[in-house]
Amino acid sequence: MQKKYVVALDQGTTSSRAIVFDHDANIVSVSQREFTQLYPNPGWVEHDPMEIWASQSSVLIESLARAGIHSDEVAAIGITNQRETTIIWEKATGKPVYNAIVWQCRRSSEICEQLKAQGLEDYVRENTGLLLDPYFSGTKIKWILDNVPDARAKAKRGELLFGTVDTWLLWKLTEGKVHVTDPTNAARTLLFNIHSLSWDTTLLEALDIPAAMLPEVRPSCSVYGTTRIAGEGSEIPLAGIAGDQQAALFGQLCVEPGMAKNTYGTGCFLLMNTGNKAVRSSHGLLTTVAVGAQGEVNYALEGSVFMGGATIQWLRDELGLIRDASDTEYFASKVADTNGVYLVPAFVGLGAPYWDPNARGALFGLTRGANRNHIIRAALESIAYQSKDLLDAMIKDSGERLKSLKVDGGAVANDFLMQFQADITDVEVLRPSVCETTALGAAFLAGLAVGFWTSVTELEYKACIDKHFKPNIDASQRERLYVGWQDAVVRTRS
């Protein structure tokens, strides 16, 4: 049969999805299944690894069945995944020794403090590009080895394997034949030296983690093994892996220095490609690994906005100012500006570049003339201002000129927000026709690895832009608006 399709497995924090793409990068079929979130203690978050596998394997089968596609028509399968989430299982049986500890889980805070006390904070920053934080996998591994009976002894005997979610899925899809990850996922473990592109022995020793547990690191655009769907049909190559944010960066074809993307979700995730330079940030951004045009390792700066779409949820659920998130564009467009109102949504503190956990949300500039429309508009503008804060930090750190800003995520449907983002950053904002850029990135990597597509140049003809948002305000107005935002931020921190 002719190979007509590539499938992306998109394993997220709350659901597993499979998306089928054709040769023109159009979505042919989507299947999704949510799975259980486990909260055994305050600040702890877990998933059942077997439920992750069951949900992911079922949507793979379902996505093909829905479109009437035979598995022999599939050229390759790519994987993208929630990063940092940690799974340890028995090599002989494939049985997890503990639930997956999710990236959000804070249980290993004390281990991080111990490493700081040992003077490892700067070493971690320099060699992994990360902060010493429970967010990342390394301290989660140590917690499991320290707290699950016999786990450390088994690990030292070579009986246990570690993997992030990509590695777990690859292991299951190949029936235990392949124990592999890619550099984008390895770079989120706190154990991977992003300069030598190898596991860091100093950090493995500090955390007492046996190297034999760790997966082999292979390129993101590579064939790792094969699988059969439901045990039927021919063997399908498993051929591309990238963590979710790096997959989105590649799906947006941000493969050259100075190219950046912003994913607008509950928060916002911004990544800027810095090419072959691993730039150490002086603004609290993370240095991470990305994928280049030939599938080679590139580097990127990464930063996140805590409150993006969550700010709009607050307008809806706590204030009752809107019924649906889509209402915000209508109300914001009813007024010419915010009438001097600024909302700083520091509900859980401020992230990069401020890193102030004690800041709290506030509305500034309220007068008797301020109304609901002004507050709603200020909420939308706050998302763009926070994104500009990060983009400005990336530009200063990297020395790169921002060429354009590619965007994806739910909020990109809001034309007002996208136009204001272009206005306040003074760069063109590009919204793609296919907004499933995370899955598209995994599909692109898989397709390139098997020759389904030949080059990034070919992909540029597939990844169409739905709308260009060009800056539409002058420099003096831009400066006045942003100075007002910066003043408001200062006051939330005082």
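Keep in mind that glycine also has a Cβ here, set from the backbone N, Cα and C atoms.
Here is what Swiss-Prot records for this protein:
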BINDING   Thr13, Thr14, Ser15, Thr266, Gly309, Gln313, Gly410  ATP binding site
BINDING   Thr13, Arg83, Glu84, Tyr135, Asp244  sn-glycerol 3-phosphate binding site
BINDING   Thr13, Arg17, Thr266, Gly309, Gly410, Asn414  ADP binding site
BINDING   Arg83, Glu84, Tyr135, Asp244, Gln245  glycerol binding site
Collapsed DSSP category at Gln245 (glycerol binding site): helix
Annotated ADP contacts Thr13, Arg17, Thr266, Gly309, Gly410, Asn414, maximal Cα-Cα distance (Å, integer): 24
Other C-beta atoms that fall within 10 angstroms of the C-beta of Thr13 (ATP binding site): 17
Cα-Cα distance linking Gln245 (glycerol binding site) and Thr13 (ATP binding site), given in Å to the nearest integer: 13
Which binding-site residues sit within 10 Å of Arg83 (sn-glycerol 3-phosphate binding site) - Cα, from Ser15, Gly309, Gly410, Asn414: none
Shortest C-alpha distance to Ser15 (ATP binding site) - which of the binding-site residues Tyr135, Asp244, Gln245, Asn414: Asp244
For glycerol: widest Cα to Cα gap among Arg83, Glu84, Tyr135, Asp244, Gln245 in Å: 15
Greatest C-beta neighbour count within 10 angstroms, which of the binding-site residues Ser15, Gln245, Thr266: Gln245
Number of Cβ atoms other than its own within 10 Å, given for Asn414 (ADP binding site): 21
Nearest-integer angstrom distance between the alpha carbons (Cα) of Gly309 (ATP binding site) and Glu84 (sn-glycerol 3-phosphate binding site): 22
All-chain count of other Cβ atoms within 10 Å of Thr14 (ATP binding site): 11
Lowest local Cβ density among Gly309, Gly410, which the record lists as binding-site residues, within 10 Å: Gly410
Least surrounded among the binding-site residues, given as Arg83, Glu84, Tyr135, Asp244, Gln313, when other CB atoms within 10 Å are counted: Gln313
